[in-house]
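K.L.:
Take this structure first; my questions come after.
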Amino acid sequence: MPWIQLKLNTTGANAEELSDALMEVGSVSITFQDTHDTPVFEPLPGETRLWGDTDVIGLFDAETDMKDVVAILENHPLLGAGFVHKIEQLEDKDWEREWMDNFHPMQFGKRLWICPSWRDVPDPNAVNVMLDPGLAFGTGTHPTTSLCLQWLDGLDLEGKTVIDFGCGSGILAIAALKLGAAKAIGIDIDPQAIQASRDNAQRNGVSDRLELYLPNDQPDIMKADVVVANILAGPLRELAPLISVLPVEGGLLGLSGILASQADSVCEAYTELFTLDPVVEKEEWCRITGRKK
């Protein structure tokens with residue numbers, strides 16, 4: 001079906017708030033671009049690159065009355081009456097799949113490859129995770145996902161239980177299973193993420209070892225040898241009491257979705273119960289790991 005595209009230009013600092021505003025008025029998807037048209041393939045809420053000049057692009061159903069949409073947006077404090085925007089009709093495309101040509105097999109660490117399900121694996125003898133992210137987040141293209149995958153690849157997961165807190169596409173949980181974990185548990189607030197994780201687990205032959213839960217459905221008590229949470233700095237701080245009880249004594253914790261500038265505040269929330277390793281940075285993002293005391 002055809003779509004209507006609404007484009008706003010803003011600062012990187014305001015991009016997330018305006019993306020929320022577009023979703024509230026009916027946008028079915030959001031894309032972020034800098035002024036040089038560099039796409040963000042994995043725009044997790046809060047994980048946008050902080051470009052100085054950012055386009056926020058919303059797609060709307062072709063039947064949407066855009067006059068009503070604009071009228072509502074004019075009341076937003078970051079926009080105001082007569083805000084600058086561009087609306088255009090788009091031809092019928094599969095917008096959710098348009099990026100597929102740019103998604104190639106990627107290696108993380110020594111053993112692990114993440115391969116799009118529509119491409120051939122470059123090394124059949126490697127640990128290959130075949131991935132189709134669908135509508136969920138997590139392809140390995142984002143630095144935070146990459147940091148988590150590299151960490152998992154460096155662990156001895158044989159026979160271990162792993163919890164993926166905020167599982168998205170299931171990429172981290174499935175990678176852990178392919179790397180030798182006996183069992184993985186994925187938790188996410190988004191039903192689409194649960195479905196994408198389930199589909200990807202089936203594609204990789206690990207469905208029987210992956211449990212998936214929405215927060216309201218998860219067991220009261222869960223424990224794991226390894227816990228990885230690639231979400232956001234704010235939730236990582238707020239949910240520290242919940243996340244901290246998940247690893248067993250001596251268990252490992254890996255946290256990402258954190259800007260390097262936010263590392264100290266996140267470390268502070270976990271340092272009482274964990275012996276933390278040096279923070280690892282990639283671009284402006286970082287990974288925090290540690291062992292349960």
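Any Cβ shown, glycine's included, is placed from N, Cα and C.
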K.L.:
Report the candidate from Gly166, Gly170, Gly250, Gly251 that shares the S-adenosyl-L-methionine site with Thr145, Asp188, Asn230, as recorded in Swiss-Prot.
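P.N.:
Swiss-Prot names Gly166 for this S-adenosyl-L-methionine site.
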K.L.:
Using all protein chains in view, find how many other C-beta atoms are within 10 Å of the C-beta of Asp188 (S-adenosyl-L-methionine binding site).
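P.N.:
Total other Cβ atoms inside 10 Å, all chains included: 26.
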K.L.:
Over all shown protein chains, what is the count of other CB atoms within 10 A of the CB belonging to Asn230 (S-adenosyl-L-methionine binding site)?
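P.N.:
Taking every protein chain into account, the count is 28.
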K.L.:
CB neighbours of Thr145 (S-adenosyl-L-methionine binding site) within 10 A?
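P.N.:
28, counting other Cβ atoms within 10 Å of Thr145 (S-adenosyl-L-methionine binding site).
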K.L.:
Which whole number of Å gives the largest C-alpha distance between any two of Thr145, Gly166, Asp188, Asn230, the residues noted as binding S-adenosyl-L-methionine?
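P.N.:
So the binding residues stretch over 15 Å, Cα to Cα.
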K.L.:
What does DSSP call Gly166 (S-adenosyl-L-methionine binding site) in the simple three-state scheme?
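P.N.:
Once the DSSP labels are grouped into three classes, Gly166 (S-adenosyl-L-methionine binding site) ends up as coil.
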